[in-house]
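So the structure is just underneath, and the comments pick up after that.
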Amino acid sequence: MSLKIAASLLAQRRFLPLMSAQALGAFNDNLFRYALVTLATYQGLSVFGLDRGLMVPIAATMLTLPIFLFSGVAGQVADRYDRTKIMRFAKFAEIFLMIGAAAGFLLNQPLILLGVLFLMGTQSAFFAPARNSALPTLLTGRELVSGNAMVSGSLNIAILIGAGLGTVLAVQGVTLGDQAMSGPAAISVILVTIAVIGWIVMRQGSPAPASNPDLKIEWNIAAVTWRILRFAATMPAVLRPLLGAAWFWMLAASIITLMPLFALEVLSADESVVLLFTVIFTLGAALGAVACGLLSRGEDALAFTIAGAIGLVIFPVDIALQTAGRTPGELVDAVTFARDSANWRILIDLGLSAISAGLFVVPLQAMAQHRAPAEYRGRLLAAGGILNAAAATLGQFSLAGIGIFSLPLQSAFLAIALVSAGAAAFAIWRLMRRNQKQL
């Protein structure tokens with residue numbers, strides 16, 4: 001991603017509204033999710049008396065399950081209609097969803113909050129294929145890696161800010177002058193305001209015409225999901241990067257869901273340490289994504305995926321080894337935690353894991369978008385959404401399995417390293433095979 005390309009894209013109506021609307025949506029998703037997870041972990045918010053070890057992954061899954069269920073239909077919609085119009089409609093629907101979320105927070109009703117999370121996941125299921133299939137339409141081939149890097153970078157920054165505010169406001173609220181506002185009230189105001197801004201921004205986007213306007217949409221969720229996955233399997237050049245990106249989302253979902261429980265139960269740390277971890281992870285992932293775009297210069301970037309996968313073997317293993325055998329103690333805050341030199345390696349490893357994740361995923365996203373034929377692009381990238389959601393859900397519920405079988409939380413980091421080793425080995429094999437063909 002040269003600075004010239006980046007500056008050019010940021011000045012273009014064909015790119016800036018899409019990137020901005022995506023970032024605002026990610027901010028709202030994570031403000032909502034982190035507020036709910038923080039209340040469940042530290043304030044005892046629960047449904048039907050569920051333990052926090054189950055409540056946290058259930059809340060996370062409410063956001064990813066509808067993506068798995070509805071991405072097949074959403075991919076057809078993305079091929080059938082103008083992608084920008086789909087995104088505008090999704091952002092308009094977000095306004096009403098955030099009003100529902102505000103009601104759940106103000107009334108302290110976790111069932112309402114979980115229901116809205118499910119509907120937010122549904123909205124994301126339709127927004128994502130439209131966004132992903134619009135990018136290759138709106139950007140040139142040389143702009144595609146740079147555009148994906150900027151979308152990923154802004155996405156991670158939005159996640160950081162949303163997660164940080166959600167964590168802090170859930171337990172502290174906000175004070176403006178002499179006026180104090182409770183956490184739920186402040187969160188409610190922000191959610192609705194950002195949703196309105198996101199809709200206004202998306203209305204400025206350039207058209208992204210339908211690639212297959214005569215397509216007849218099939219609404220049978222199970223049948224269309226199976227058909228789209230089977231169709232993606234007939235195009236291995238597209239399927240391979242989609243599977244790699246799905247692994248990234250499994251990793252990200254696992255770590256994000258793991259952070260509150262890992263901080264509390266392993267490190268004896270309060271919610272401010274969860275916020276510190278979130279800052280490090282999201283900034284690291286953004287840095288990795290932007291670095292990949294800068295260094296690739298619009299060329300093939302598979303080597304960065306390999307480097308990222310190797311990093312995702314080394315650093316999670318080190319986190320697991322460092323924290324093995326820790327005994328619970330008094331809760332510490334972020335300042336106390338960061339001052340203890342024994343914790344510095346944990347923070348460094350977390351940051352380097354995040355940078356590795358950013359390096360890993362950006363080339364794969366660009367590969368899938370570039371290789372997918374235009375007339376099938378929405379459905380093929382929807383297959384990626386299905387795989388992403390399935391992988392994220394698996395990652396989240398693997399944490400519930402860790403609790404059920406009384407395994408140490410560190411085992412999640414070892415599992416991440418094991419699968420990353422397989423991804424690295426496969427990517428190295430593909431690169432060597434491709435280079436041999438070019439000789």
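Here the Cβ of each residue, glycine as well, is placed from N, Cα and C on the backbone.
Among the features that TrEMBL reports, transmembrane segment is placed at 54-74, 95-120, 149-171, 183-201, 221-239, 246-267, 273-295, 302-324, 344-368, 380-405, 411-432.
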Considering only the recorded stretches 149-171, 183-201, 380-405, state which has the highest number of Cβ pairs under 8 Å to the transmembrane segment (246-267).
380-405
Please work out whether the transmembrane segment (95-120) lies in contact with the transmembrane segment (183-201), by counting C-beta pairs under 8 angstroms that are 6 or more apart in sequence and asking whether there are at least 3.
yes
May I ask you to check whether the transmembrane segment (183-201) and the transmembrane segment (221-239) make contact, with contact taken as at least three Cβ pairs under 8 Å and only pairs 6 or more apart in sequence counted?
no
To the transmembrane segment (221-239), which of 149-171, 302-324, 344-368, 380-405, 411-432 is linked by the most Cβ pairs under 8 Å?
380-405
Give the one range among 54-74, 149-171, 273-295, 380-405, 411-432 whose Cβ atoms make the most pairs under 8 Å with those of the transmembrane segment (344-368).
273-295
The transmembrane segment (273-295) in contact with the transmembrane segment (380-405), cutoff 8 A, at least 3 CB pairs, sep 6+:
no
For the transmembrane segment (380-405), which recorded stretch in the set 54-74, 149-171, 411-432 gives the largest number of Cβ pairs separated by under 8 Å?
54-74
Residues from the same chain, set at least six apart from the ends of the transmembrane segment (149-171), whose C-beta lies under 8 A from its own:
1, 6, 9-10, 15, 18-20, 22-24, 26-36, 38-39, 42-43, 135, 183, 186-187, 190, 256, 271-272, 274-275, 278-279, 282-283, 285-286, 289-290, 292-294, 358, 361-362, 365
For the transmembrane segment (54-74), what are the same-chain contacts with Cβ under 8 Å, counting residues 6+ beyond its ends?
29, 33, 36-37, 40-41, 45-47, 113-114, 117-122, 124-126, 128-130, 217-219, 221, 224-225, 227-229, 253, 256-257, 260-261, 379, 382-383, 385-386, 388-390, 392-393, 396-397, 399-400, 403
